[in-house]
Structure formats: C-alpha cells, structure tokens
C-alpha cells in the first residue's frame, strides 16, 4: 500500500536506484527480519507484520494492530520501528531488516529530511544505536509475502493487539 504515497525520488535518484540497487545483505548477519505494514484510509488502525529468520530458517512471526496513521508511509515506518524493538528485545544484535517500501528505505539510507515522519525516524535512529550491526534493504513485494499477509490479517481485527508465533524455539533461545 505504501506505493500510493508521492515519490521522494528525483529523476536522477530514480535512475541511480535502477543502476545501483540496494546492496546485497551482509551475509555475516545471523538474523534477517522481513517487515511490512498494511494501511487503508478508511480504517480504525494499521496492521504490522514481521518474520524473523536465523540464516534461512524461520524462527518467529509477529503481528500487531496499531492505531491508524496519516499515510501508508507512516505505517511502514511504524512497522519497522516496532519490529526493531521486538527483535532487539529477543537479543538479536546483528541483523538485516528487509522492507518492500522502497521510499522508506531510501529516506533512511539517504538520511533524507521528512518532517512529517520525524518522530518515528528519530525513534528508528535511536533503536539503531542498540544494535551492533544493522542494515536495511529494499526487497520486492513478492519476496515479502509472509510479512504482508500477517499485516493484512491483523489490520482486519477489531482491537489493537500483538501476537507472536515462535516457529523454532531452540534457535530463538540461543
């Protein structure tokens, strides 16, 4: 849904993005977290979802319904911030976050000023300092289907809540 927000790319940046896509994830990261948000204008809240992997093994799924945001971009930023808090609370300190919101990834990577997003961007920056090694990269929507489905599913719920599904407790405990 974040694609409906006006783009922040200049033509030159857009061309550079096509020629120089986001760098490949750091293969030394033990953890990888795919994040997504679901936003509908006439809704009582947003859906947020993440899938945490150790190497290529799915370890944890999280979903949360949060209060409605102004735009899909705000929802994507809130979702990333929430996922960062959750994986940090579980002791993951070297991690690659993956989002299908190219605009958000671009704003964060290029340290673009975006006044309307400033509070959540400040929170993301503060969370970033808690990790030993953190990267953020853009992935296609087709590569982010699970997190997308979690976010859509939870957005349709009546009340705000969080739910976590541990897929591999032994890996998560280490």
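Using N, Cα and C of the backbone, Cβ positions are placed for all residues, glycine too.
In TrEMBL, annotation is done automatically, which means it is predicted and not curated.
Per TrEMBL, the feature domain 'RNase H type-1' maps to 35-153. Mean per-residue pLDDT, taken over the domain 'RNase H type-1' (35-153), amounts to 95.
Among the features that TrEMBL reports, region 'Disordered' is placed at 1-27.
DSSP states for the domain 'RNase H type-1' (35-153), grouped as helix (H, G, I), strand (E, B) and coil, give 52 helix, 37 strand, 30 coil.
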